[in-house]
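Got these off TrEMBL a minute ago, pasting:
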- 14, 74, 84, 85, 169, 202, 228, 229, 238, 239: substrate binding site (BINDING)
- 83: active site, proton donor (ACT_SITE)
- 83: active site (ACT_SITE)
- 237: active site, proton acceptor (ACT_SITE)
Ligand SMILES: N[C@@H](CCC[C@H](N)C(=O)O)C(=O)O
């Protein structure tokens, strides 16, 4: 048995076990991740985030060796390229434990590429989410059809068309007609996507709620739920919120808002669409520190 220091944190209730492992000395395995994320036998989380210098990890080889790398794992022990809520929480973690000042923005490495995390004050962070692509991986990029896939989900009859959106990791977004339809979904059962995405997919269900003008700027508002690849239904998904904002903006047609306030079960995040890039803004909270026994 060994002991492992951890921090528990969340971003709009998408929760993570954070591990500080600057020199990459920890043998992080799928079994250890599943144990840490187990809500009954472990600590409990949607995923594990390890803070490690890029030079200490094969996945960080494309970055400057001193750059912090967000080593993200889903609760089932699989890796993901990127986690939007996790990046905000990672920023808060690095500010506290990594000697970092994120007020001017810090660049972190992820499996989806470099991302910039900026502390906005008051426990809020913004993440530059990189470039996005609509449509299937092998399809035309940038000029997509409104829908390219079909999603089956429990509580959703009939199956609905979906749009695939890549924001560094894969998503499929389904438009629903009403909040009642969204609430009626049973996401304890994984939705299925056809054609089957080769790397799996996160699936978002979205209802557009209208919009408002805030400080003279048009904001759209949308509510979503998500079934995450590797974690099941979660209370929020930052990359998913970006995918939803991009999908509803496409569906709204030319002249639709570039800013989308996205309601998730765990709170509210804001997505800004700026050309071929998005930013994600929302809270990050470090909840607890502890030492866990590893069997
Ligand atoms: N919750 C995250 C996304 C985590 C990874 C995802 N489950 C995947 O496998 O791609 C977010 O906030 O973006």
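Backbone N, Cα and C atoms are what each Cβ position is placed from, and that goes for glycine too.
A TrEMBL annotation is a machine prediction, not a hand-curated record.
Quantities reported herein were computed from a predicted structural model and do not represent experimental measurements.
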What is the separation, in Å, between the Cα atoms of residue 238 (substrate binding site) and the residue listed as 'active site, proton donor'?
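Just about 7 Å between their Cα atoms.
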Tell me, if you would, which residue among 83, 237 (active-site residues) has the fewest other CB atoms within 10 Å in the structure shown?
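Candidates: the active-site residues 83, 237. Fewest Cβ atoms within 10 Å: 83.
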Starting from the Cα of residue 83 (active site, proton donor), work out which of the recorded positions (169, 228, 237) are within 10 Å.
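Final answer, ordered: 169, 237.
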Report the same-chain neighbours of residue 228 (substrate binding site): residues 6+ apart in sequence with Cβ closer than 8 Å to its Cβ, ordered by sequence.
46, 74, 202, 234, 237, 240
Taking the recorded substrate site as 14, 74, 84, 85, 169, 202, 228, 229, 238, 239, identify the other residues of that chain whose CB atom sits within 8 Å of the mean position of the site's CB atoms, giving them in sequence order.
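Other same-chain residues with Cβ inside the cutoff are 80, 82, 83, 86, 226, 231, 234, 237, 240.
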Counting other Cβ atoms within 10 Å, pick out the least crowded of the binding-site residues 14, 169.
169
Can you count the other CB atoms that lie within 10 A of the CB of residue 84 (substrate binding site)?
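Taking every protein chain into account, the count is 29.
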